[in-house]
Amino acid sequence: MSSFRKNVDACNDGNAPKGYCANQDYSEGSDYLVHDIAQHTNLRSGPHELLSRGVLGKRKLPVSPVKMLVGREGNCTGRGRFSSADGCHVLSRYLPVNGPRWVDRLQSRAYVSQFSADGSLFVAGFQKSHIRIYDVDKGWKVQKNILAKSLRWTITDTSLSPDQRFLVYSSLSPVVHIVNVRSAASESIANITEIHDGLDFSVDGYNDDDYDALGIFSVKFSTDGKELVAASSDNSIYVYDLESKRPSLRIPAHKSDVNTVCFADETGHLLFSGSDDHLCKVWDRRCFGTRGKAAGVLIGHLEGITFIDSRGDGRYFISNGKDQTTKLWDIRKMSSNTPYTRRPRDTDFDYRWMDYPTHARALKHPHDQSLATYRGHNVLRTLIRCYFSPAYSTGQKYIYTGSSDGSLYIYDLVTGAQVASCHGHEKPVRDCSWHPLYPMIITSSWDGVIARWEFPGSEEEPSEAGGRRQEKEKEGLAFED
């Protein structure tokens with residue numbers, strides 16, 4: 001049985017129930033930075049000012065699509081068309097929360113899943129060696145069924161090349177494998193029906209013990225498709241050159257497992273990393289050779305970091321943490337040479353099989369540098385992932401995350417309100433992916449189900465009143481600064 005709960009932002013009008021929204025910290029630096037990202041988000045997803053004039057004495061509501069269409073036809077903005085921000089304002093109101101509808105189910109835990117950049121393909125990776133690539137435009141037909149090679153425990157990550165010709169997959173092994181997605185074979189069994197070339201991330205000087213201990217938790221293609229960046233269990237970040245077929249850089253990055261790494265923007269110069277040492281770090285490859293250390297460190301999580309997603313502008317990113325929070329960061333607030341110090345935490349807590357202690361939820365890092373903290377979901381059992389919503393359809397005004405309670409949660413980036421939660425899985429939702437163009441989200445869960453959530457498609461328009469009728473269902477602290 002699935003259910004859907006929609007919450008509206010009650011923080012602005014002071015009607016939020018106790019514990020739902022915490023007051024923001026209006027310190028000089030924090031206020032400026034929060035206002036800064038709010039302005040950026042509004043420019044990407046807000047309607048033209050001639051369409052967004054509110055009625056005096058009433059709370060300002062989103063401009064209805066009908067009013068915007070009338071304004072467009074009447075050319076009241078002088079453009080005769082919608083801007084990209086106008087389009088985002090309309091599309092972002094129609095949240096993909098109707099479901100779940102099964103795309104597929106295997107007798108194996110689903111660990112990773114992602115749409116291609118254009119939304120035409122979808123990739124799902126399962127624990128028992130299976131990776132499936134679906135053709136979204138052809139009714140979710142399986143375009144390629146891949147049986148992975150040399151798997152250790154599970155497929156930890158997959159990544160499609162920018163041109164969608166190749167797929168790489170990683171495991172708890174130093175070798176990442178690459179598959180030709182466009183080959184004629186629909187069944188790709190490693191080294192039987194097709195060759196899965198191995199890309200060895202180990203470096204010279206590794207002994208057998210080092211080699212056996214090295215595992216890859218996260219792997220990503222660069223924007224130009226010429227490099228891979230990987231996060232590893234030996235506390236390091238690796239950059240792999242696909243032309244020379246060897247690692248071009250190894251960074252001893254953290255004091256514990258590096259669970260996640262990504263490129264900050266399309267230039268490929270900056271990297272963001274997160275580790276079980278609870279730190280987020282920023283790396284500038286242009287000066288790493290001379291400095292040999294991180295460009296900056298961001299502290300605020302009380303437990304290890306499971307995933308990082310960049311906004312793509314080289315400035316902002318979000319992270320999921322085992323302290324049951326998602327945090328928003330601005331690298332302009334990062335520190336240099338931040339010492340690794342013990343933080344207030346529950347030393348007996350192990351997220352793999354324990355619930356997070358109730359008393360620990362009230363703890364806050366004394367030197368938290370994050371812009372905002374989002375609460376409500378659970379980051380337990382596995383490395384739960386979080387993302388910004390698509391730029392094309394929403395202007396990145398939301399963040400969304402899986403949860404170990406079998407749900408998907410969507411938060412408003414600026415206000416922090418939990419705007420939706422979708423419940424339909426029996427086990428943790430480890431990964432999720434929002435279609436880059438349409439109101440559709442796919443969730444992948446340990447129950448083996450790949451599920452599709454879409455906008456209901458009825459003629460009923462989303463309304464504030466409908467949200468208020470469900471206010472009694474709000475739960476958990478959604479936002480704090």
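Quick reminder: no glycine exception, Cβ is built from N, Cα and C everywhere.
TrEMBL lists 216-250, 251-284, 298-339, 422-463 with the feature repeat 'WD'. Taken from TrEMBL, the feature region 'Disordered' applies to 457-481. Feature annotation from TrEMBL assigns compositional bias 'Basic and acidic residues' to 466-481.
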Residues of the parent chain within Cβ reach of the repeat 'WD' (422-463), under 8 Å, 6 or more residues beyond its termini: 2-5, 64-66, 91, 93-115, 117-119, 122, 124, 126, 136, 380-385, 387, 389-390, 392-394, 400-408
Structural state census, the repeat 'WD' (251-284) (DSSP three-state): 0 helix, 19 strand, 15 coil
Close approaches to the repeat 'WD' (216-250) from elsewhere in its chain (Cβ under 8 angstroms; 6 or more beyond its ends): 156-163, 166, 168-174, 176, 199-203, 210, 256-263, 266-268, 271, 273, 275, 283, 285, 288, 307, 383
Residues in the repeat 'WD' (216-250) grouped by DSSP into helix, strand and remaining coil: 0 helix, 23 strand, 12 coil
Residue counts (helix, strand, coil, in that order) that DSSP gives for the repeat 'WD' (422-463): 0 helix, 20 strand, 22 coil
